[in-house]
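Visitor: Shown below is the structure under consideration.
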Amino acid sequence: MEISMKIILLGAPGAGKGTQAQFIMNKFGIPQISTGDMFRAAIKAGTELGKQAKALMDEGKLVPDELTVALVKDRIAQPDCANGFLLDGFPRTIPQADALKDSGVNIDYVLEFDVPDEVIVERMSGRRVHQASGRSYHIVYNPPKVEGKDDVTGEDLIIRADDKPETVLDRLAVYHKQTQPLVDYYQAEANAGNTKYFRLDGTKKVEEVSAELNSILG
């Protein structure tokens, strides 16, 4: 029996989606598709869609949904997506979700990683980075041997602007505004029998969340 693993991941920045996406990819051998990577690849390859996207991006304009969906369809028609794929960061809006559905892409699972805002702020504002190497630490979960210093070089660690609490809160506000309608949309789709919707507690240990995913996806 052919398994189908067409999955959408929902979750705020810092909710642990990336870690679990890696787990799903390794376990089921399906690729993760991020629209950012797709645009970069299409632009690099000089495809027709890539050229259109580049022209818009160069003018600082947003790429319209039709173009993004066309790019997604193009990407998921590749052989490595035969058994499924993980969509991360798309769809972001109801029109994108509708366009995806209208283009005949049936989603098997929607997985939402739920983490309270205050936990995300703690996770992200505790990050420290060694700029030259990209090595990252966390003051609570993965502290450096010497406070504020890189383990290898002993150089100073920095807080990325993106990880400052006020920036994180701004990003979370945008995320909730954009994503709550999608949560409602896919829960309604699940109620109609068109997909399966699961909300996972992202505050649990990584291994626990992975085990839960394993039993959901089988």
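Note that Cβ sites are derived from N, Cα and C of the backbone, with glycine treated the same way.
Sharing the record's features from Swiss-Prot:
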- Gly14, Ala15, Gly16, Lys17, Gly18, Thr19, Arg127, Ser136, Tyr137, Lys204: ATP binding site (BINDING)
- Thr35, Arg40, Lys61, Leu62, Val63, Gly89, Phe90, Pro91, Arg92, Gln96, Arg160, Arg171: AMP binding site (BINDING)
- 34-63: region 'NMP' (REGION)
- 126-163: region 'LID' (REGION)
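For the listed features, I'd like the structural context: burial, neighbours, distances.
Guide: Neighbour count (other Cβ atoms within 10 Å of the Cβ, all protein chains): 20 for Tyr137 (ATP binding site). Tyr137 (ATP binding site) carries a strand DSSP state (E or B).
All chains included, 17 other C-beta atoms sit within 10 angstroms of the C-beta of Val63 (AMP binding site).
When averaged over the region 'NMP' (34-63), pLDDT in the model lands at 87.
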Visitor: Anything within 10 Å of Arg127 (ATP binding site)? Look among the binding-site residues Thr35, Val63, Phe90, Arg92, Arg160, comparing CA atoms, and list what you find.
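Guide: If one measures from the Cα of Arg127 (ATP binding site), the binding-site residues that come within 10 Å are Arg160.
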Visitor: To the nearest whole angstrom, state the Cα distance for the pair Tyr137 (ATP binding site) and Arg160 (AMP binding site).
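Guide: That separation, Cα to Cα, works out to 12 Å.
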Visitor: Between Arg160 (AMP binding site) and Gly14 (ATP binding site), find the distance joining the two CA atoms and give it rounded to the nearest Å.
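Guide: Their Cα atoms are separated by 14 Å.
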Visitor: Test of understanding: give the count of other CB atoms lying within 10 angstroms of the CB of Thr35 (AMP binding site).
Guide: 21
Visitor: Would you please pick out, from the binding-site residues Gly14, Gly16, Gly18, the one with the fewest other Cβ atoms within 10 Å of its Cβ?
Guide: Gly18
